[in-house]
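J.: Structure provided below as structure tokens; questions to follow.
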Number of protein chains: 2
Amino acid sequence: MDTALRFTVLLLTLSFGAGLQLNYIDDYEEEPKEEDVSADSKYGSLWPLPQKIQMSEISFKLTSSSFKIVDAKESSAGPSCSLLKDAYRRYYEYMFGSSKRQQLNKRRRTGPSELTELQVLITSPDSDCDGYPSVTSDESYELSVDQPYAVLRAPKVWGALRGLETFSQLVFEDDYGAKSVNATQISDFPRFAHRGILLDTSRHYLPIKVILANLETMAMNKINVFHWHIVDDQSFPYLSRTFPQLSQQGAYHPYTHVYTPADVKMVIEFARLRGIRVIPEFDTPGHTQSWGKGQKDLLTPCYSGATPSGTFGPVNPILNTTYDFMSQFFKEISTVFPDAYVHLGGDEVDFNCWKSNPDIQKFMAQQGFGQDFSKLESFYIQRLLNIVTSTKKGYMIWQEVFDNGVKLKPDTIIHVWKGTQLQYQNEMANVTSAGYQTLLSTPWYLNRISYGQDWRGHYKADPQDFNGTDEQKKLVVGGEACLWGEYVDATNLTPRLWPRASAVAERLWSAKDVTDINDAFNRLSVHRCRMVERGIPAEPLFSSFCPREYKEFTS
Amino acid sequence: MDTALRFTVLLLTLSFGAGLQLNYIDDYEEEPKEEDVSADSKYGSLWPLPQKIQMSEISFKLTSSSFKIVDAKESSAGPSCSLLKDAYRRYYEYMFGSSKRQQLNKRRRTGPSELTELQVLITSPDSDCDGYPSVTSDESYELSVDQPYAVLRAPKVWGALRGLETFSQLVFEDDYGAKSVNATQISDFPRFAHRGILLDTSRHYLPIKVILANLETMAMNKINVFHWHIVDDQSFPYLSRTFPQLSQQGAYHPYTHVYTPADVKMVIEFARLRGIRVIPEFDTPGHTQSWGKGQKDLLTPCYSGATPSGTFGPVNPILNTTYDFMSQFFKEISTVFPDAYVHLGGDEVDFNCWKSNPDIQKFMAQQGFGQDFSKLESFYIQRLLNIVTSTKKGYMIWQEVFDNGVKLKPDTIIHVWKGTQLQYQNEMANVTSAGYQTLLSTPWYLNRISYGQDWRGHYKADPQDFNGTDEQKKLVVGGEACLWGEYVDATNLTPRLWPRASAVAERLWSAKDVTDINDAFNRLSVHRCRMVERGIPAEPLFSSFCPREYKEFTS
């Protein structure tokens, strides 16, 4: 007794590329009607869809015993570029890992229609091999799959990483299980420079392995920013060298539920090797309950009438000690996290505690703020921004800071997260008309779940859909899918995030006119089985099967 | 920027029983307000709550080197009862598995406040050790934890299994990590005899390991029925010895996506060892698209005007071959599945195809059915029920069969799944006033998800809340949580089901007046961490942590 009557069922045979076969066993009515799909995608299982693709019917075979990914002779990234070596191994494993591996056999004669090499050519004199990705990193690449060998050409290693993913997505199994790839020409680059995912490690602690597995999956989807909402009211898992009491007192557990400096380093390096930036968020002055446990006098004492109630509110903005603390703290952060940006939060500040505190009231009067507590908030944020600027970092902030009229550096990125579609579109228009760069998240709160294929709604949202000039549209640096942590931890985070975040990944990478939702359904269905085959428990879009189902409970 | 403002956070220290500690780091307002919780449960982490509990402050220690679970001397289940031996090992592992195991040391002097034995005493002359559980199985037990040893007394092995789970839930770690248990007297039995979970292996194939892991979890929640919705429109994974073409043609894949006779046997035995019945559902005449692929002429050819359209509708009820097939098929089913009941489905029959078919129309006229196709449906079902009756099985059916006035055996169980609260309550009243037994599922469609703590709604529903006499209420045999398979497979099924299904488990086991939702929240939060510790990825209820988080991606 399933209320959803009869369905179009998608039988996925995991054969990518031109050999892709999607069969449907019936075409009965469905709810919603929209979920009816009936055709293969001519783009196989490519996800996100590259900017320009030419595919031919001609196909080549690949064998694990002969195929190699190698540096092209003229490449500026030589044998010492471990980022690429690591990537070659990873993609070789993805392509051949699940089939019976044959020994490399150098003397074997290769067949006439066999592809034996993918040559990777970094064309810019500086490959960026040892650098960190940034918002200005060049991620473009050109991929030519043809005989005698395929060539992946990219100015920087970042584009090579994207192109390797694309190449691996072109490889499919033919009817006899042989790995094949069609002759193909691809020219590709991202539509937006900032394509992020926010994970929240405060509401629930996420073991490092879960974070790494999701970074791995981000790379499969060409996501290039991990927005690490690392602390919040509920817990402070970041182990600070300068203020170890913060996690000692503020983490769920001081040893088992913290991120040590070594953990953080590992996350950053794992991300770098996949072309992913790590932007930490240390949200103040609100969302800081857990900070107060390990740092005396940091939070505002709330009053009940004339006496302190014993509870605490936002960061206390009237004490010099607060700013001394923030200076030292963000100095540490600026050295631990290599990215040029820090996210400073600044959202949802509750004024009730400030209002209750007589010292704060006195300060308000002295400063001539009247009863306008947003002026006090701005006063705090302004000083914080100056502190962070002195550490040579740029900053991102949630939209309230802009809404409250705080003076911002011109390169500030305003992160839009509130309201209805109309409201966020107005906000994007206002932010960009004030000349600021902006990031969109409102339509991509993936923690919010509902029954059915909600990825379709995520897919349809476009961050440039608002009233504004071309100049304004250019100020949209991208967007982020947010998975707030109240209801997710290591048990359910990964299947809840994927493939729903993949919808956002394509919106932010592919051309604006890539909007065919049925084609997207077909490609995404196979892409999700590919993630499953690579060991990621990405959940199904609808009734279907993968040739190799997720192996759970195998350990 | 998390829209849900500040939260009461639950810090779970996995210390069960009287030593249970639940601490909350702040008491800010939440949405919904209902989620505010502020006190430990005096019942520790017991789930579902036993009928009668007396707990004392006196506590005993347990050590892995001394503690034993043994048959009591007078027990009717001797050393040959492998069901109990298997259970002793399982619960010993649950209690001591994650702590450093010490070697058994028989010569070690036990301490004065140490509990060294749990004696299990089966009191009925026939222990049921080698039998299958049934709807009339006695699951009651009495547990006395005191010195010199604890005693678990039960008429049958089924009650012993429930009592072992309860005993394991009483064991907690004290502040020094020592396993402890409080002196306790428990007298327990289920409120309802049928406490089920429906899993759907047609919309997505579920690997055997996923099914077994969920049977294991059912036992942790005292669930005693696995309703196996094994086939449906989308696929036919049941490998029939009599009609192997059904899965050969109708499964997603004839080898990798089928349940062989050996698989089915393993599922049934694994379930039996945990006191769980396996009730298969073979739903007809609708929901049978996949049957048609391997069995010629079984389905009704649909017509488009005067010619067959090439598509097929429900089972063809006018051919004798249909009934020959069903006789042979259900004869096999009756031998493969030992339970006294088979679920025959009978829901959601679409009449359009029947209407289009001229042979069916002719038959309707001959039978004097006019244009009332529910009469044709009843005609089919009636014959099917007779067939199944001849195999000596009882049957369960979805409510439509009752609604359509089909003549039913008095011991038929009507499964209610449709409508609003008012509608299903009326249906329960009608079904029971007609003298039939009934099962409720409407409020427990766990495949339907929404943001937040939807377990609270599941917890509040009560299958006896309808207008009826005491006699009618007694006809409610229980209920089932249903997890239809469109959006779940091996990647996400387990965390979606647990601990949401645990809410249903307590409703169906515990006394009617166990309705304190805050106490339930406290106990369930610790119960979910216990499931995690036992290797089950049960998702979190809310911001919180478990001392030992789920180990994902460890293989």
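Just so you know, glycine gets a Cβ as well, placed from its N, Cα and C.
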J.: Looking at the disulfide bonds in TrEMBL, identify which of A:CYS482, A:CYS529 pairs up with A:CYS546.
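T.: Record-based pairing for A:CYS546: A:CYS529.
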J.: For a three-state summary based on DSSP, what are the helix, strand and coil counts in the domain 'Beta-hexosaminidase eukaryotic type N-terminal' (A:46-170)?
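T.: Going through the domain 'Beta-hexosaminidase eukaryotic type N-terminal' (A:46-170) residue by residue, I get 29 helix, 32 strand, 64 coil.
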J.: With Cβ-Cβ distance below 8 Å and at least 6 positions apart along the chain, what are the contacts of A:CYS353 (disulfide bond)? List them in sequence order.
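T.: When sequence neighbours closer than 6 are ignored, A:CYS353 (disulfide bond) has A:THR300, A:CYS302, A:THR311, A:PHE312, A:GLY313, A:PRO314 within Cβ distance under 8 Å.
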J.: How long is the line from the C-alpha of A:CYS129 (disulfide bond) to the C-alpha of A:CYS546 (disulfide bond), rounded to the nearest angstrom?
T.: 36
J.: Provide, as an integer number of angstrom, the distance between the C-alpha atoms of A:GLU348 (active site, proton donor) and A:CYS529 (disulfide bond).
T.: 39
J.: Which of the three DSSP-derived classes (helix, strand, coil) applies to A:CYS529 (disulfide bond)?
T.: helix
J.: Between A:CYS81 (disulfide bond) and A:CYS546 (disulfide bond), what is the CA-CA distance rounded to a whole number of Å?
T.: 36
J.: Measure the Cβ-based neighbour count of A:GLU348 (active site, proton donor), defined as the other Cβ atoms within 10 Å of its Cβ.
T.: 18
J.: Going by a 10 angstroms cut-off between Cβ atoms, which of the disulfide-bonded residues A:CYS302, A:CYS546 has the sparsest surroundings?
T.: A:CYS302
J.: Which one is it: of the disulfide-bonded residues A:CYS81, A:CYS129, which Cβ has the fewest other Cβ atoms within 10 Å in this structure?
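T.: Result for the disulfide-bonded residues A:CYS81, A:CYS129: minimum number of other Cβ atoms within 10 Å at A:CYS129.
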J.: Can you count the other CB atoms that lie within 10 A of the CB of A:CYS529 (disulfide bond)?
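T.: So the Cβ neighbour count for A:CYS529 (disulfide bond) comes to 25.
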